[in-house]
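Trainee: Supplied in structure tokens, the structure appears directly below.
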Amino acid sequence: MNREEMTLLGFEIVAYAGDARSKLLEALKAAENGDFAKADSLVVEAGSCIAEAHSSQTGMLAREASGEELPYSVTMMHGQDHLMTTILLKDVIHHLIELYKRGAK
């Protein structure tokens, strides 16, 4: 994997994580408005985006674990940051939606 490929992989992770983040924030807004079916659906969609980002990341990690030297890329680090914070956001949003559901009862 050369530097350009690593940079493109970083952008791919940023894109998937960004899509997931947008869906999660939209899910929270839906829950605030009492539309729990939409909120749950958006969380599932976000999970699919996160899975795609994670798959891209896992491929890179497997290559490094097999001994391949991988070039450093600030874009990849940015992608890793986005993915990590989006995974955390998904956990927090899940709990917030559950609280909204309890409050609606």
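In case you wondered, yes, glycine gets a Cβ from its N, Cα and C as well.
Per Swiss-Prot, the features are:
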DOMAIN    4-102  domain 'PTS EIIA type-3'
MOD_RES   H78  phosphohistidine
ACT_SITE  H78  active site, tele-phosphohistidine intermediate
BINDING   D81  Mg(2+) binding site
Trainee: Using Cβ-Cβ distances, find the residues under 8 Å from H78 (phosphohistidine) that belong to the same chain and are at least 6 apart in sequence, listing them in sequence order.
Mentor: G10, V14
Trainee: Take every residue in the domain 'PTS EIIA type-3' (4-102), average their pLDDT values, and give the whole-number result.
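Mentor: Average per-residue pLDDT within the domain 'PTS EIIA type-3' (4-102): 96.
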Trainee: Please classify the secondary structure at D81 (Mg(2+) binding site) using three-state DSSP.
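Mentor: SS state of D81 (Mg(2+) binding site) = helix.
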Trainee: Just to be sure I understand the packing, how many Cβ atoms besides its own are within 10 Å of the Cβ of the residue listed as 'Mg(2+) binding site'?
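Mentor: There are 13 of them.
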Trainee: Please list the DSSP helix, strand and coil residue counts for the domain 'PTS EIIA type-3' (4-102).
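Mentor: DSSP composition of the domain 'PTS EIIA type-3' (4-102): 88 helix, 0 strand, 11 coil.
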